[in-house]
Amino acid sequence: MTTNVNPDLQNERNKATFDPIQLTYLLHNGPQQTRRKRYIQSLALSDRVKQNFRTWTELSREERYEESMKKCIYCAERVKELGLKDPVDIYIYNQMLTGHENSPFGLHNSMFTDVLTQQGTEEQKAKWLPLAKNYQILGTYAQTEMGHGTFVRGLETTATYDPKTQEFVLNSPTLTSIKYWPGALGKTSNHCIVIAQLYTHGRCHGLQPFIVPLRNLDNYQPLPGVEVGDIGLKFGYDAVDNGYLRLSNIRIPRENMLMRHSKVTEDGVFVKPKNDKLLYGGMVMIRSFITGDCGRGLSQACTIAIRYSSVRHQTEVTPGKGEEKILDYQTQQYKLFPALSTALAYLFAGNAIREMYLRVMADINKGALGELPQLHALSSGLKACSSYAANEMIETCRMACGGHGYSQASGFPKIYVNVTPACTYEGENTVLLLQTARYLMKCLNSSLQGEELPNLVSYLNKPTGGRTSTISDRLSLQSLVEAFEHRAARLIKECGSRIQTLTSRGMKPDVALNSTSVQLVKAATAHVECCVVKIFVNEVEREDINPQLKPVLQAVCRLYTVYLLLQNSGEFMQDGFVTGQQVEILNRKLLDLLNEIRPNAVAIVDGFDIPDAMLESALGRFDGQVYEALYQYARNSKLNKTEVSDAYYKHLKPFLDRQRQISTPSVVTSRL
């Protein structure tokens, strides 16, 4: 026990029924991986250069970009010096060293190199990957255009093959075709993977990826025909130069089209891929990893809010008994504990979808494409649901911390602006849920034809009519899973029935889909939430979980499921599967679960194992010394570097002097 820990926070830890390290082991794949994580973090924490990095709040936007560039270059060099090879080690080190700063090298180290790996031939990988991994070139990924984002097929950038020179000629033919938003495009990258419509012999063959040089490597001036720049201030991500790109007759060699799956021969013949979705592997990869990122962002917000709520006292419940901890108020628990359970749900779901992605991509490399549609649908839906939930609940955590939550010192602003863009980048959420819904409609049709369904949608084969839920006071996890399966199956089948009715009346299938789109989004959301519930239940029922931790996690899992069910109770009750009496039971159980989780709330967030240096929060610090930290933060304000501000001499003093001169004659007159 640390001697200077706030007594209120230490008392919370003393009340816990499990050791937080057991949760840390579960979230980080055991003791060995936890030790490795902490060792990598310690390398960053002990780095003397880190102490010289400037604080984010002190800098202008231009200075933030420059400071972030300095940091990510230092990180790249240190990673090489330390001999770190494992991507997880590198991720942990970079995250610890740079805090919440987004790196201008972020897309280079993810999308650019990953798409090269997935879409390039062996010859192309041999040429480009060493250059990328050794930072001899810096790249980004340009897909989104000013006029088209999630509707990828609508992209307008063209790449026309010239068989005479065996080159592709790339153009931005319209204003709306300008590439817009790619990270690190504005000033950092000198190469780019451009997604463009391929034309050969006057025919369009759809979208393909092309490696396009952007800048002269000697002086970094844009190459002829390349107009590129930064798009300006955004809601967040100030350290990253999101950019725009306009191409005018840019010629690149035929070999610069990534041709692992699609090919263009020397004479311009297009060779189709086995599966068009193979071209979107990079997007699937990013979406698969966003779920875990949202879970981590929300876990940071919960850590701040729950620790702060354990040391903040407010209002006497019983006169003369002193002010209560705000975490003892049921309303505060109702704000924070569902957020806590949601963070854990998406941390587990993030691990599951990442493992699924790695497994499916390994299968694809062996020629097996069977699971790709399910991966695409689930990664899209999880990305949407996790980012929506994190966006909403991080803000709930901030507001639960009252006025201090509004301060930059709280740590919330940087967490929020880092997470909230996930609702729109890498696919706008509503559109992604509609993509998931289209997959579900195909699965429904397969089910009606008696075909075997993938495991995650096998519940569609169960009957939905004439059944009632087994939910009772016992509140078994299996009964809750069945309720979520029933809700998802019913909503999916209702969408299928409506589409069938509309098409039977002569409506075109695409129009029928659009006329059902609100219901389709609800059905897709229900499917994703059903998957998350099942993943969560599977995790908390593992036989290898520490016996002290297991009941705690089961309570958190029940809270997540019950809260989600009650938030959407109408969808569960609509066909009588869940009754009004059962909803009353769940409302009582939710309050019981808040009370059950209360003694372990701090231990759970301690189990997230987030160092103070990463959290960067005066409110959420491990020692609970909140007020000392807020006081020091206030004293360090730049406005306090002088007792009297320059604004006083320039503006306020002349104004006050004028007011005195105006008022003085009237005072004199009144005395006469």
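Quick reminder: no glycine exception, Cβ is built from N, Cα and C everywhere.
The residues of the domain 'Acyl-coenzyme A oxidase N-terminal' (20-138), classed with DSSP into helix (H, G, I), strand (E, B) and coil, number 90 helix, 0 strand, 29 coil. According to TrEMBL, the feature domain 'Acyl-coenzyme A oxidase N-terminal' maps to 20-138.
Other Cβ atoms within 10 Å of the Cβ of Thr144 (FAD binding site) number 21 in total over all chains. The FAD binding site feature in TrEMBL is assigned to Thr144, Gly183.
Residues or ranges marked as domain 'Acyl-CoA oxidase C-alpha1' in TrEMBL: 280-441.
Over all protein chains present, the Cβ of Glu426 (active site, proton acceptor) has 24 other Cβ atoms lying within 10 Å. Here TrEMBL flags Glu426 as active site, proton acceptor.
Per TrEMBL, domain 'Acyl-CoA oxidase C-terminal' is recorded for 477-656.
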Restricting to the same chain and to sequence separations of six or more, state which residues have a Cβ under 8 Å from that of Gly183 (FAD binding site). Asn102, Pro104, Gly106, Leu107, Thr140, Tyr237, Val240, Asp241, Asn242, Gly243
Could you tell me the C-alpha distance between Glu426 (active site, proton acceptor) and Thr144 (FAD binding site) in angstrom, no decimals? 9
